[in-house]
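Summarising the annotation, TrEMBL assigns compositional bias 'Polar residues' to 133-148, 333-343. Feature annotation from TrEMBL assigns compositional bias 'Low complexity' to 149-172. Per TrEMBL, compositional bias 'Basic and acidic residues' is recorded for 701-710. Residues or ranges marked as domain 'Cryptic loci regulator 2 N-terminal' by TrEMBL: 58-122. Marked as domain 'Cryptic loci regulator 2 C-terminal' by TrEMBL: 409-530. Residues annotated as region 'Disordered' in TrEMBL: 130-198, 323-343, 649-671, 701-720.
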Amino acid sequence: MPSNRVVVRLVPGCSDGDPLHVPTPGVYTRVDPPTLYLEKIGQQWMDARKEARPGVQYILEALPFGYSLWQRPRPSNPAHVDRYLYGHPGKKPFDSPNRFFPHFEYMMENDGIGMGCPCKVCSGSAGVLPGATPNSSRTRTPSVTSQKSNSSAPISSGPSSSRSVQPSALPSLAAQHKGRPKKTRPGLDKSNVDSEGTPDVYRNLIDKLCRHQHVDESIEEPLSPDWRAEQELLPRLLDDIKTNEQWVPRTGDIVLYIRDMPDGVDLVRDETDTKEFRLYDERREKNLGAPRWEAGLVTEAATGTTIADFVDSDQQQNVSNTGVRVEPVPDPNNVNKSLSKQSGVSPYKMHKYVPLRQIRPFVLWGDLLRHIPQENWHVSIKNALALSSTLSLVGKHRFRGAWPNTSIYCHGIYIGAEMLGVGDTVRLLPNKRQSKCTDVLSIKSIRLKWTNLDKASTNDYDEGRPYNSEVWIYGSAYTSDTSRGNKLWVTEQNVEAPRVALDYAEWFPLHPADKELAIPYSRVLGRLYERDPMAYFLKSDYGDFPTLDVGRQAVVEARAFSRKHDHRIAKEPGATWYWGDNRADALNLKFVNGREVSRFDPDRDVKDLRRQLRVLDGVANGEAKPALVNEKGLRRFMAPTLPLRSSAPEVLDDCGSSPSTISDSDPSRKRMHVIDLEDDQEDVDEDEDEIDDEIREHTRVVNEDRERPGKKPKVMVMVG
């Protein structure tokens, strides 16, 4: 290699390539090494990053996983050859490095996720070439206040607003040419279907994994109205989370809010020893007493939000722009959900746009309600507490596995009151050796892991043995405990913790820069909110800023309360979490925005919706104009459902596995002690001890990306 040539390293794991997408054998021959693409892409990438030096030639170390270069003689002139790059999940080859580079750059900047990519293959003729990428979504670096995230939270059940973005390019449904061998993608294969006749993409992918032993491809369900609706919202949701700070309420979050607070009235904290929160009228200089807190579900998030939007109570702005749309949280145990729809006189009122200054994260319920007698609480408060041990995955976008194990990569996850996404920084619950929260994790991936597929029944709806199912969160971990750091772990890659954490403490990496920490979802305490907003929420005195431990005890108590008062959990011996197919299922909602969610909608007609989708995709014949698929019947609340057994309850044990996905040989586990909110500290300590046992048992050393073929695994570390 010439002395002036530099090898450019790929970002690990950033590929959407499909290794099974190759040309038909016979005419094509593989080009290995693909020098043309390696040189041109390497140079263009360094130029785009403004890191290229004069006189230096750059070459990419390899093509992204799943991509390969092939050539064939040109039919009109066999003396010349045409080269094509295969591996795109849309089954379309690239015909030049210039056309591939926008897709390559987008993958490198978005964790290998192609959704929203502006390249010509992804977006058709409207795609762009290098130098013309004004619409490409750039991932923010850790040095920027806004945290990177690839999470999604499709929760609105009504028609899309004028601000809704257009859906990303979807796979073509055009019929195969006669004579060609049928290659039906898992999302179109009707060999396995659900109760509504939609292809069961997960069973199809498992069957494909069994046949090919290795599968790494994007998850697409073009015949599922729910999946299509989710894809319509994802680009906007991902962009909002990337650009907003972590304290900003997200769609699907549960928050505390004061429904009515006139101008001139502010929330203050007494200067007495009790430090109670009170409403105070500055104009009349009058104490108005304790606020009336309610628990609400965010069904529409604020846009363009900054801390200034709630610090200045006199700021005159449109509440629909700076406010959050919330609905009171209904009782998850009540089969009559009409209260959330507002009819007649009830303790619930209809939805309202609430200014940000009247909203607080639910994690602070213990601080805000400590001095208010429980009999004076709004009924929605305990409804929300009863939902603190629920979880659901959103944005399942990639299937990657090596038989008999596989992982489904997700954009985000709801845990209790909050949504977490890839790129978020979260607080971790301490273990027994720690007295308070000292650790944070910057999320790199969220995975639903299926294991022992070879021992499970091939029918997901019979009573045979199921496969094991767990949810794991991977990322870079840091601690503020100097005794647990190691100077050898500090490098240029991890010398600085995520920006959101910098104001809280001095940070030390918990592992080498080339390793990641893998934790069960149950160890997550919640999103780490920026310190200045937290100080405002708690009305902290200058110099007495909130610590990393704020709200931890309240979360522990809320989860214990949920395990006792959510009947879906309490009725199952040994169960400690409820795993919903989606956010609506996890919260046991029937209505959102005044309309039924999909499983309760009497007018839902999946066949008609699927016909409309075919019209929109240009498949249907006839003159009928396509109806808008985002009308009432298309519930973008519903994420793709997992292949669950119809007779099995959707309840988890404390390691994240559902009874429908645990072998009969698994030992039964003692049910976690449940505390009531009035229990004494001894009971709380007992509950924390059992949580610590759960953390220690299920945070283990695993191999990174062991499902991916042909790649040396990264060893994951667990630091206690």
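Using the three backbone atoms N, Cα and C, a Cβ is placed for every residue, glycine included.
Within the model, the domain 'Cryptic loci regulator 2 N-terminal' (58-122) shows a mean pLDDT value of 88, rounded to a whole number.
With DSSP classes pooled into helix, strand and coil, the tally for the domain 'Cryptic loci regulator 2 N-terminal' (58-122) is 16 helix, 22 strand, 27 coil.
Helix, strand and coil residue tallies for the domain 'Cryptic loci regulator 2 C-terminal' (409-530), in that order: 15 helix, 50 strand, 57 coil [DSSP].
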